[in-house]
Every structure is written in C-alpha cells, then in structure tokens.
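K.L.:
As annotated in TrEMBL:
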- 326-425: domain 'Sensor histidine kinase NatK-like C-terminal' (DOMAIN)
- 6-22: transmembrane segment (TRANSMEM)
- 34-50: transmembrane segment (TRANSMEM)
- 56-76: transmembrane segment (TRANSMEM)
- 88-109: transmembrane segment (TRANSMEM)
- 121-140: transmembrane segment (TRANSMEM)
- 152-173: transmembrane segment (TRANSMEM)
- 185-207: transmembrane segment (TRANSMEM)
Amino acid sequence: MVYTICYAFVFLAEILISLFYFENKFERKSSKKFLLFSVVIVYVLLYLSRLLNLTLVNLIAFFACNFFLLYFCYFISIKSCIFHCSILLIFMAITESIVLFVSTVLFGTDFFTSMDNSLSLIIQATISKLLYFLIIYFVSKFSIKEHKSESYSLSIPLLVLPASSILLLYAVSHALHNFDLEQKYIYLLIISMVLLLFSNIAVFWVYEFTLKTQRHNMKLEYERQKEKSTAEYYDLLNEQNENSKIVMHDIKRHLNAIKSIAKDKAVTEYIDDFIEDFSINKSVDYCNNPMVNSIVNRYKSFCDKFGVKMNIDIRSADFSFMSEPDITALLDNLLENAVEAAQNTENGFIDFSAFVRKNKYLSMQLTNSVKNIVAVKNNRIASSKKSDAIHGTGLKSIKRVVKKYDGEINMKFNEDDMTFTSNIVFEIRR
C-alpha cells in the first residue's frame, strides 16, 4: 500500500514538471478551473497507463497527455505543441536511461533484481524524475531570451540542492542494498525520498514565482511612472495649445487689421491663405475634457501622417470621474495600439466613439483594421510576434483602469473584415 501511494506521488511529480515547463514558456488561455480539471484527468490517465507496464504504451500516453494539457490550456500551434511534447518525451527517456546506467555501474547488474520490484521502481523513478526536472528547468529557463542573463546568474547556485539530493538518493539506495532494515524503516526512507523530490520542485517553483512577482511589480512601477510622465506631458501640451490659441487669435486680429488697410490685392490674398493655414493646423476640441482632446489630437495627427482614416465621435463623452493619469493610461494605450495596427493595413482606419448612456454610463468603442489574425479568448490575447491588436503591457494598463473604476471590457476580432474591436463601459461616478 505504501509503495503504491509513493509510486502515485512520483508520477504526480511528472505532471507537475510538465506543468512547470508550460507555465514558464507559454501564456495560459484556459481558466484555472479548467487547467486543474485537465491536470487531474491527465494524471489519472497517465497513472493507469503505467499500471500496464508496457514501455510503448507509457511513452504514447506521456506524449498524448502532455499534448492535451499544452494544446488546450495554452496559446500554441499544433506544430509547436508536437515539438515541445517531443522534447519532454526525449528528455524523460534520456534521464531514465541515465539513472538505470549509473545504478548498474555503481551497484552491479543484480542491484534492482535483488530487491522488491515495487521498491526498485520507486527508487529509479524518484531519481530519474529529479534529474528530469533539473534538465527541464534549465531548458525552459535558458530558452527564454528575455531573462536569459538573469537566469544564468541567479539559477546556477540552485544546482546545489538537486545535485546533493541525487547523491543522497543514491546513498539511500546503497544502504537499502547493503543493509537489512526493518520494513518500517524502509517505508520511512521511501517516503522521505518522495518528499525530497517534491521539496526540490517546490523550492524551484517558489523561486520562479518570486522572480515573476518581482518582474511584475517592476513592470507595474514602470507603467505607473510612464503614465504619470505621459499625463504631465499632455498637461504641458494642453497648456501650450491654450497659449497657442491665444497667440493665434491675437495674430489673426492683427492680420485682419493689416488686411483692412492694405491696398495691394496680393497682400490680402496672402493674409487670407495664412489665416486659413492657421485654421487647418489648430487642435480640435472633440469633447469638453482638455486631457482627452490632447490625447486624441496627438493620435489624429499620427493617423494623418500614416494615411490612416480616423473617425472620432466623443462629443457627449464624460471623463470627469477619472483622474488624468488614468485617462492617459486608458486612451493612450488604446489609441497607440490601434494606430500601430491600422498603419500596417491597406486602407487602414480607426473608428473611435464614446458617449453617455442613460445619464449614468460612459460607453466607449474603438475599432481598427488589423493585418494578422488575432486570437482572443476570455478577453485575453495570445502572445505572438504577429499579433498586432494590442501589446501585453498596454492591455494590463487598460484592464487596471477598467478594474479601478468597476468597468467592463470586451474585446473581439472579426475575421470577415479583419477588424479588432474594444468595447468598454464605465458607470459614471458623480
């Protein structure tokens, strides 16, 4: 009974190792509940297949279970899924072969045959899974270019723990082989071996979680500083626009005065053209919020520069319940990504509208053309170099503002006309 339970835990570790690899390398698309349900199903199937004790069946089951878990719970193509599942399968087979070879060299060919078969399997499986986890950890760590230098400097010292654990496990194996121990002590040693395996996985998992939390907090702090700086920039820009309007108004008055006394027709025509140019280039008040106007005017000028048609209707919008940094974080990220996506398309366009409904809700809709297909599920966008709908950090900033003001956001991609639409609704706080 003890052997069976320990053996079950060893192969639970196998699933956790795969999950660790997937979480490190891919963005999850499923909910936590579905992921947990999938892990349970995969574990049961994998464990049942091992009871058949057929090598080929075990390998096929391992590959199939990993494929199911990766493909249905993470954003990944079928080809990439096959590749990464094959990587896991190859490394698992290699580590098991290494453990068997080392054990044979150290203890002789009759080492495992001299012991109970269940005990033999637990010892082999525990050592091989620890070695397998160690290899998979560094493969996943060093294949991520973004944090590769950080990975080398901080992760290598952690090698001491699994290396010493493997040596300890071989020492325990040697003790079991050469000394007659009571059954209860054998049980304690076997349980300790399994716990040691899970302890190693837990240490690395907590370490990775801590690193991710630190990176996340640093990104949030960077985004806050960026939003604050951008808000200050728009404040300054708005102040300059107001000053420019005053100066332009005074200049127009002086030019009209000169025009009224000028006798040369060429002079009056020149003044008319000059005043018309002033009128064309001045900023537009799209709504009654100066910050919103500054942001929209900036991206409207970008659209004019890149040949993107931008339709704007925010006359009745009310952003008074939001702080200026939050307005900046929301609109600047939405419009920046919309412009970047639309400028890469033929006949690129952006439709931006915002209005108040029932004197209680602010409803916003932003639709833009996109070049590539965008995978959207549960208001999450697949991370991809080709995905041009919205950047990950920008989306986080947008969702942060939406959550802060108890709003709702809905994103959808229409493959028929290749458009990406963001709908956001806020309840206006009076």
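Even glycines carry a Cβ here, placed using N, Cα and C.
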K.L.:
What residues in the same chain, six or more past the boundaries of the transmembrane segment (121-140), come closer than 8 Å to it by Cβ-Cβ distance?
P.N.:
3, 6-7, 10-11, 13-14, 17, 20-21, 24-25, 87-88, 91-92, 94-96, 98-100, 103, 112, 155, 159, 162, 165-166, 169-170, 172-173, 176, 190, 193-194, 196-197, 200-201, 204
K.L.:
What are the helix, strand and coil residue counts for the domain 'Sensor histidine kinase NatK-like C-terminal' (326-425) according to DSSP?
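P.N.:
Helix, strand, coil within the domain 'Sensor histidine kinase NatK-like C-terminal' (326-425): 30 helix, 36 strand, 34 coil.
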K.L.:
Grab the same-chain neighbours of the transmembrane segment (185-207) for me: Cβ-Cβ under 8 Å, and only residues 6 or more beyond its ends, written as numbers and ranges.
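P.N.:
Beyond its ends, the transmembrane segment (185-207) has Cβ neighbours at 2-3, 6, 9-10, 13, 16-17, 20, 119, 122-123, 126, 129-130, 133, 137, 158, 161-162, 165, 168-169, 172, 175-176.
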K.L.:
In the same chain, which residue numbers or ranges, 6 or more beyond the ends of the transmembrane segment (56-76), come under 8 angstroms Cβ to Cβ?
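P.N.:
The answer is 14-15, 18-19, 22, 26-30, 34-35, 38-39, 41-42, 45-46, 49-50, 82, 84-86, 88-89, 92-93, 375, 382-384.
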K.L.:
Who are the long-range neighbours of the transmembrane segment (152-173) in its own chain, taking Cβ under 8 Å and residues 6 or more past its ends?
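P.N.:
Beyond its ends, the transmembrane segment (152-173) has Cβ neighbours at 102-103, 106-107, 111, 123, 126-127, 130-131, 133-134, 137-138, 141-142, 189, 192-193, 196-197, 199-200, 203-204, 207, 211.
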